[in-house]
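Sequence annotations record features per position, and here TrEMBL assigns active site, proton donor to B:LYS207. Positions annotated as NADP(+) binding site by TrEMBL: B:ALA10, B:GLY11, B:LEU12, B:GLY13, B:THR14, B:VAL15, B:GLY16, B:ALA17. Sequence annotations record features per position, and here TrEMBL assigns NADPH binding site to B:LYS107. According to TrEMBL, the L-homoserine binding site annotation covers B:GLU192. The feature domain 'ACT' is assigned by TrEMBL to B:351-430.
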There are 2 protein chains.
Amino acid sequence: MQDVLRAGLAGLGTVGASVVRLIARHENDLAVRCGRPMRVAAVSARSRDKDRGIDISSMAWFDDPVALATSDDIDVFVELIGGDSGPAEDAVRAALKAGKHVVTANKALLAKHGVELARLAEENGASLNFEAAVAGGIPIVKVMRESLAGNAINRVYGILNGTCNYILTQMEQEQRSFAECLAEAQRLGYAEADPTFDIEGNDTAHKLAILTSLAFGTEIDDGSIYIEGISSITLADIEAADELGYRIKLLGVAQRTETGIEQRVHPTMVPKSSAIARIDGVLNAIAVDADFVGEIVLVGPGAGGEATASSVVGDMADLGRGLSVPVLGRPAGELEPYRRARMRLHEGGYYIRLEVYDRPGAFARIATRMAEKQISLESIVQRRDEAPNGAGKPTPVILITYETTEAAIREAMEQIADENVIAAAPQVIRIEKMV
Amino acid sequence: MQDVLRAGLAGLGTVGASVVRLIARHENDLAVRCGRPMRVAAVSARSRDKDRGIDISSMAWFDDPVALATSDDIDVFVELIGGDSGPAEDAVRAALKAGKHVVTANKALLAKHGVELARLAEENGASLNFEAAVAGGIPIVKVMRESLAGNAINRVYGILNGTCNYILTQMEQEQRSFAECLAEAQRLGYAEADPTFDIEGNDTAHKLAILTSLAFGTEIDDGSIYIEGISSITLADIEAADELGYRIKLLGVAQRTETGIEQRVHPTMVPKSSAIARIDGVLNAIAVDADFVGEIVLVGPGAGGEATASSVVGDMADLGRGLSVPVLGRPAGELEPYRRARMRLHEGGYYIRLEVYDRPGAFARIATRMAEKQISLESIVQRRDEAPNGAGKPTPVILITYETTEAAIREAMEQIADENVIAAAPQVIRIEKMV
């Protein structure tokens, strides 16, 4: 049996404590599977004395994560601090420069500095594993980086944020407003006190940026992602989606097109019959469309200490076994520059909800503006309240378009807004085609 | 860049031809990902001249797969012949003995000789990869062997045979009989002319035997699997399942219990709300329940030349990258003997359909026999035909039990049969608990 794999673990929050517990509980099995024992040799965190329900007395303590990262007494540095700069970044860089393997759950760091860190790892003969950075316990990084190596990927998309999915599921199931469901999510600990980062799609975008690179062999570009969050979704949209055979999910989508690669995060109409439509609550799910395998879908917990620890330790076990794969699936120098497909060129169907003033000719004007942009309508639903409208009170009209372009939709919406026939900004939600 | 990875490919059926096509199409990407080119250097098949739509003119030809397997001109032997003995077995053994890495899609061979082949691979410093042997394009082997290394697995279950799932889906959607849907599956090429191996559960059992070993670190024991096929499933069962909130799927289930490990293949009532219930047609799906990750589910194509080729080439790419993992996730000498949990001790809920003679006291006798075995009933549905029964014509009665044991159910059914109150053998379908 080989020498012990000595891990230095920085960050003892929920995930860090779960990693310590996992390794203690499965010490023997891990040793058998890896052919060598695995041990948390040293730790670093903000407070040494906080009760985390784990025994760290046998582990060396470091106040400074950078000192831990470069310690001669560790082989692997496990970064669970978080953040795309500061101590997390400093420590990861220091570890790689010292030739230490790194395991991290830090999506923000990867999204911002992934290519540079990949280069640093290669230059120093170190591995950088980050299964936990995308979709928590779901092993999507390894599946894309290794299992699907024989495929050209056409599209990868998924539910990558459990907070948003919980809120959308609750809105649908409980018929409650976005604000009420957000408050409930906060009460249950599924959403932060400041939920902006989750509900406005930024968290999904970080994960998507990483998936895009793995899928298409391109450099990570998290600044080129089209992002819309879920805060504008209303119960009216959820109900209309249901009637029309859809559900609304916040998706991250990366897709190869003729002009480049689209990266987009937005609320999306997904057909009820699709696998993705049926993912409820805090679960995550990722679908990969590839030329040989067709479509595969992975579903599981996208967050949580224990599930994330499963991915962290899986990465550590790979290192224990001596497995090493280029950080982003190919050498950093072989990554192609990311070529952005402009959102205006996006092609797809659209759901549009308009609050139309109940005046003669109003709908004719809308239809004319759509027709001028060559937008064909697959269905039109005009929903009157059961009580008769007051004079001039707007009526909701739902349009589903056939495939058209984002540019056509945006121009049509601008012109319709100028017609003075609608009482509020149009609600536009993209429809995603699925198997 | 390292030397070319030279593959010798035995078997040029649908999968073999797809592997040749895949490697030709993605030659450059594979070289970048693996850090070395990958080439099919030599092939062997029954007929040299058959038109397979692929160009094999640059590849050396071997009439004898064993000669190919041991050729000095190959580094990896790819076995796509099939069968648990004969040339497939001979060639795989010969390759491993010669220290060649092996990639195979052969579930029957693995199920029967997996442990012995694992030992042979270790003794000769070779790898044996078999992603394609379980669930075609779904990368479940790698996920269990590597990604979930940090977990103790409690249960693995799934839809592992697309033929059966197609037939059950068609029965439900088209309201047609088993025989009609089987004939349709045969017409479409989803079922063999002799469908026994698929519909009686043997194919599922082979795959389950392999998954069990990966999940629990035990030796493969494909002779200890409880197997029931789907040929006894009727439209009456499918309709009753639907009314009661279930769907019927042929599952393979391996589960740790207090007395050992259950391995069972049988038609199963799965709650409609579960991910597995929603897998339609020829798709496969596998769920893994583990202590840290919770439940993850993988869905995708379980068969087909291209999807299977994706897994074969993924395995080859791992070898190209120099990745090597113990064949069954741990050294063969560290596999524990498989300890069978007897089926009579299985605990769970049951669906029971009885054809009860319409006589006074008939149902009382049934209820009494069940009560004597401590079987509690969760629901009872007595379904009369719309037309009045003729005298003595049996009435279908559906019982759903709370959790009980297989032994109790079998004994109760025997006693009920002795009561002369039922017109046909009871239909008994196990209910599987799911997240």
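Placement of Cβ uses the backbone N, Cα and C atoms for every residue, glycine included.
Annotated features taken from TrEMBL, shown on the structure.
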{"residue": "B:ALA10", "record": "NADP(+) binding site", "CB count, 10 Å": "26"}
{"residue": "B:GLY11", "record": "NADP(+) binding site", "CB count, 10 Å": "25"}
{"residue": "B:LEU12", "record": "NADP(+) binding site", "CB count, 10 Å": "23"}
{"residue": "B:GLY13", "record": "NADP(+) binding site", "CB count, 10 Å": "14"}
{"residue": "B:THR14", "record": "NADP(+) binding site", "CB count, 10 Å": "16"}
{"residue": "B:VAL15", "record": "NADP(+) binding site", "CB count, 10 Å": "25"}
{"residue": "B:GLY16", "record": "NADP(+) binding site", "CB count, 10 Å": "28"}
{"residue": "B:ALA17", "record": "NADP(+) binding site", "CB count, 10 Å": "22"}
{"residue": "B:LYS107", "record": "NADPH binding site", "CB count, 10 Å": "26"}
{"residue": "B:LYS207", "record": "active site, proton donor", "CB count, 10 Å": "27"}
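Within 10 Å of the residue listed as 'active site, proton donor', judged by CA to CA distance, lies none of the binding-site residues B:ALA10, B:GLY11, B:GLY13, B:ALA17, B:GLU192. Residue environment of the residue listed as 'L-homoserine binding site' contains 13 other Cβ atoms, counted within 10 Å of its Cβ in all protein chains. Each residue in B:LEU9, B:SER18, B:VAL19, B:ALA45, B:ARG52, B:LEU80, B:GLY305 lies on the same chain as B:ALA10, B:GLY11, B:LEU12, B:GLY13, B:THR14, B:VAL15, B:GLY16, B:ALA17 and has a C-beta within 8 Å of the C-beta centroid of that NADP(+) site, without being one of the site residues. In this structure, B:VAL15 (NADP(+) binding site) is part of a helix by DSSP. Residue pair B:ALA10 (NADP(+) binding site) / B:GLU192 (L-homoserine binding site) shows a Cα separation of 23 Å. Taking H, G and I as helix, E and B as strand and the rest as coil, DSSP gives the domain 'ACT' (B:351-430) the counts 24 helix, 26 strand, 30 coil. Note on the domain 'ACT' (B:351-430): its mean pLDDT in the predicted model is 90. For the pair B:GLU192 (L-homoserine binding site) and B:GLY13 (NADP(+) binding site), the Cα-Cα distance reads 15 Å.
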